[in-house]
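*Asks:* Per TrEMBL, active site, proton donor/acceptor is recorded for D294. Positions annotated as Zn(2+) binding site by TrEMBL: E143, H211, H232. Annotation source TrEMBL lists substrate binding site at A154, N235, A236, R243, H272, L328, S329, G330. Under the heading domain 'Amidohydrolase-related', TrEMBL lists 62-401.
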Amino acid sequence: MPSNKSVSDAPIVQFTNCRILRSHQLQREDLWVRDGKILNPEKLFFDEKGSADIQLDCKDSIITPGFIDVQINGGFGVDFSLATDDFKSGIDLVSQKILSHGVTSFCPTLVTSPPSVYHQVLPQISIRNGGVHGAGILGAHLEGPFISKEKKGAHPEHCLRTFEAGAFQDLLATYGSLDCVRIVTLAPEMKRSSEVIQELTKRGICVSLGHSVANLSQAEEAVQHGATFITHLFNAMLPFHHRDPGIVGLLTSDKIPAGRRVFYGMISDGIHTNPAALRIAHRAHPKGLVLVTDAIAGMGLAPGRHTLGQQVVEIDGLNTYIAGTKTLSGSVATMDTCVRHFQEATGCSVETALEAASLHPAQLLGIEHKKGTLNYDSDADFLMLNDSLYVQATYIAGEEVWRQDALGM
């Protein structure tokens, strides 16, 4: 048999005895990986006459694409909205720690902050591939400061801004640079927001609607100008009303441009959204649901006082409030917890729950040809899960980057 070296020097790894999430179904077949990519075994056998160099028994695990978290404010004592001298080591720590929760790539999220914070922090965020060092960074998510005062949630009011005559130039001056920015959350009812949405979309930046008192027609107009996402549906927006459902109405709107899908983030932590509301959203628009953690610095830490940007927050169990109030401020839920809660609350299939944390965020960001699936030639970022959807091992580019047994658990 000809050697595998004819195409690549990289070893071919065959993962056996597993159920792979592919084409929306868990399928009992092997997963083949080489050089950080998913291989097509037929091409390997028939074109290359190749075979596996290494076989790994997965012991009947589920293999799913790695989770992608597009809204995470920090964790493990690190707050992405605080400009510190060791910001890089902080982002490295979070990207390392979230591997155990199945996150293989993420968008570090900054809440409403003074311009000086964006100017200091954004140059320190660089888009990079994941690996043993931690989950990959897809670019920053800037949540604010161009949001509604009425629906500011945990965002500091004194830092909120509006678009003045220069609109897009105002935004550029506030952020300093858009080089590593992937998502911007803004309130679409603000004057001149349409031109800002168009300019951001032109640059390949995803525009999300949130922290807003927009009515449905304002939200539909924003989508027609290029917005494609809703930040934490139901939270920090007008409540659903039958005569004007507001941003929530986008889930069933008939004014969405042909061929466009609106996605919406949901914090499925059992705190931010009642299970019934989660079920309503999912049944109304299942293909748009994107699970996000909205995790803050206190994720992974003991209850007590922590920060979220310019604010002090208190953690009490799974609840996080701005200190001294009952205003919810981010979550301390991990992505794997959100996936399990979503599946349990909605009664959806395992496949559906897993795709809400992998395929859908990849589609939102337009990277589904590389991430979020286990299709041939896509990146070999995947997880091994048990039947209860607990993470047993995390792989990035075909390399094991975290394993439960290794910690003696």
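Placement of Cβ uses the backbone N, Cα and C atoms for every residue, glycine included.
So where do these features actually land, and what's packed around them?
*Replies:* All protein chains considered, the CB of D294 (active site, proton donor/acceptor) has 29 other CB atoms within 10 Å.
Within 10 Å of the C-beta of H232 (Zn(2+) binding site) we count 25 further C-beta atoms, all protein chains included.
Summarising the environment of S329 (substrate binding site), the number of other Cβ atoms within 10 Å of its Cβ, over all protein chains shown, is 27.
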*Asks:* When you measure from the Cβ of A154 (substrate binding site), which residues in the chain that are at least 6 apart have a Cβ under 8 Å away?
*Replies:* V111, L308, Q311, V313, I322, T327, L328, S329, G330
*Asks:* In the structure shown, with every protein chain counted, which of the binding-site residues H211, L328 has the densest set of Cβ atoms within 10 angstroms of its Cβ?
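*Replies:* Answer returned by the neighbour count: H211.
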*Asks:* With a radius of 8 angstroms around the mean position of the C-beta atoms of E143, H211, H232, what other residues of the same chain does the Zn(2+) site pick up?
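*Replies:* Result: Q71, V111, G144, I147, G153, H155, T185, S208, G210, T231, N235, A236, D294.
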*Asks:* Closest of the recorded positions to N235 (substrate binding site), Cα to Cα, picking from E143, H211, D294?
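*Replies:* Going through E143, H211, D294 one by one, the Cα closest to that of N235 (substrate binding site) is H211.
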*Asks:* Cα within 10 Å of H211 (Zn(2+) binding site): which of the recorded positions R243, H272, D294 qualify?
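*Replies:* For H211 (Zn(2+) binding site), the recorded positions whose Cα atoms are within 10 Å come to none.
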*Asks:* Between the recorded positions R243, H272, D294, which lies closest to E143 (Zn(2+) binding site), Cα to Cα?
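*Replies:* The answer is D294.
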